[in-house]
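Novice: Okay, so TrEMBL annotates it like this:
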BINDING   Arg96, Arg106, Arg134, Asp221  substrate binding site
BINDING   Asp221, Asp245, Asp249  Mg(2+) binding site
BINDING   Gly279, Ser280, Ala281, Pro282, Asp283, Ile284, Ala285, Gly286, Lys287, Gly288, Val289, Ala290, Asn291  NAD(+) binding site
DOMAIN    4-350  domain 'Isopropylmalate dehydrogenase-like'
SITE      Tyr141  site 'Important for catalysis'
SITE      Lys189  site 'Important for catalysis'
Amino acid sequence: MNKHIILLPGDGVGKEVIESAKQVLRAVATEFGHTFTTDEQAIGGEAIDHYDTPLPEATVKACQEGDAILLGAVGGDKWDTLPADKRPEKGLLGIRKTLGLFANLRPVKGFPSLLHTSPLKEHIISGSDVLIVRELTGGLYFGQPSERRENGNVVVDTLHYHREEMERIIDQGFQSARLRHNHLTSVDKANVLESSRMWREVVDEKKKEYPDIQVEHLLVDAAAMKLITQPNQFDVMVTENMFGDILSDEASVLTGSLGMLPSASIRSDGVGLYEPVHGSAPDIAGKGVANPLGMILSVALMLRHSFKMEGEAAAVEQAVKESLEQGYHTADLQMEDGQLVSTGQMTEAVVENLTVKGVSDSICSMYV
Ligand SMILES: NC(=O)C1=CN([C@@H]2O[C@H](COP(=O)(O)OP(=O)(O)OC[C@H]3O[C@@H](n4cnc5c(N)ncnc54)[C@H](O)[C@@H]3O)[C@@H](O)[C@H]2O)C=CC1
Ligand SMILES: CC(C)CC(=O)C(=O)O
Ligand SMILES: [Mg+2]
């Protein structure tokens, strides 16, 4: 199969982990007989430096024409004092919005060999398998006005949602639950926010269409607590943009590191942008120590969701699993044993383990 993939390295460790994605793509192409062409485009701080905008038109055009997009991460101290519209993060928000990628799927399932690397007790996290379905193109990150007033002493951010935006992401949550264990936890702050009360209304209306799905409502503060004390109680969590952003970083603790989590940002027709959940990690950027596995597992999500290459996706996931079982790990994973390796060496281990035969259990039971 021929596929054209747009690569958006971005900033900081984003540039480093995109190199890992490229190597894994080359290995999948060779092993399975595909042709993957790639086109690298600027986004975030990198784009500000070269084109004076975090999202150049050429980047948008390329993304619209590609079969799928892989993104590293954006942001960094260098651009933190720029006006809101010029910040690197605007580039990422902009591409999500422009492409209509309203559903962000963040599977959180730890590899058995990493159970002991989590600061949480093994018996608590063992067997946990959560899919966070996060609304991605509405809410506080996009609402207008968002500004300073009265000499900078008053600030306004706007939380705006249309009912239809809630309906489509909540539908996604129900559909994901149906493909997994038929349990949906809807997370909101309905005791305080009007937007959350409407959200809860929509969930209760929608659940009539999905009588096979067991639905639970949780307030976000309690959900944050329960996620790390009783993670096994969750199957699919569906929530609005900012709550999903925060809860997914928290959930990464179940897997041992934020560097382990992949994500898929999709719309209904299969178009998708795939990126690790983490940011540009300025504290470790440029040192060659970043964990590339969140990025590599995002490649697996792309193969599965956008290209319908289930065997290839599972082979990548299996290669990651085997590499970890062989003891290879980057510094973010708190391990006393095994072999501490760089970003490049971790990637090489995955490439080495990647074979057609290596297809067994998929770690991401997140079909959409
Ligand atoms: N999707 C994106 O592009 C995102 C961008 N950001 C941006 O990234 C910048 C840094 O934000 P932070 O709050 O520090 O979040 P971050 O996710 O970049 O880093 C948080 C912590 O996790 C560690 N970490 C992250 N990725 C890692 C990896 N692959 N391997 C090993 N350790 C890893 C970092 O070293 C840091 O200690 C900011 O400019 C922020 O706006 C933040 C989150 C998402
Ligand atoms: C615009 C981003 C930096 C948001 C974020 O943290 C994320 O999508 O995980
Ligand atoms: Mg985030």
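Backbone N, Cα and C atoms are what each Cβ position is placed from, and that goes for glycine too.
What's the neighbourhood like for these features in this structure?
Specialist: Same-chain residues at least 6 positions away in sequence with a Cβ under 8 Å from that of Asp221 (substrate binding site) are, in sequence order, Lys189.
Less than 8 angstroms from the CB of Asp245 (Mg(2+) binding site) sit Arg134, each of them six or more residues away in the same chain.
Reduced to three states, the DSSP call for Asp283 (NAD(+) binding site) is coil.
Along the domain 'Isopropylmalate dehydrogenase-like' (4-350), the predicted structure has mean pLDDT 97.
On its own chain, Tyr141 (site 'Important for catalysis') has Leu93, Asn241, Met242 as residues at least 6 apart in sequence with a Cβ closer than 8 Å to its own Cβ.
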Novice: Which residue, of the binding-site residues Arg134, Ala285, Lys287, has its CB surrounded by the fewest other CB atoms within 10 A?
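Specialist: Counting other Cβ atoms within 10 Å of each of the binding-site residues Arg134, Ala285, Lys287 gives the minimum at Lys287.
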Novice: Where's the emptiest Cβ shell within 10 Å among the recorded positions Arg96, Arg106, Lys189?
Specialist: Lys189
Novice: Nearest to Arg106 (substrate binding site) by Cα distance: which of the binding-site residues Asp249, Ala281, Lys287 is it?
Specialist: Asp249
Novice: Hey, of the binding-site residues listed (Asp249, Asp283), which one tops the CB count within 10 A?
Specialist: Asp249
Novice: Determine, from DSSP, whether Arg134 (substrate binding site) sits in helix, strand or coil.
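Specialist: Reduced to three states, the DSSP call for Arg134 (substrate binding site) is strand.
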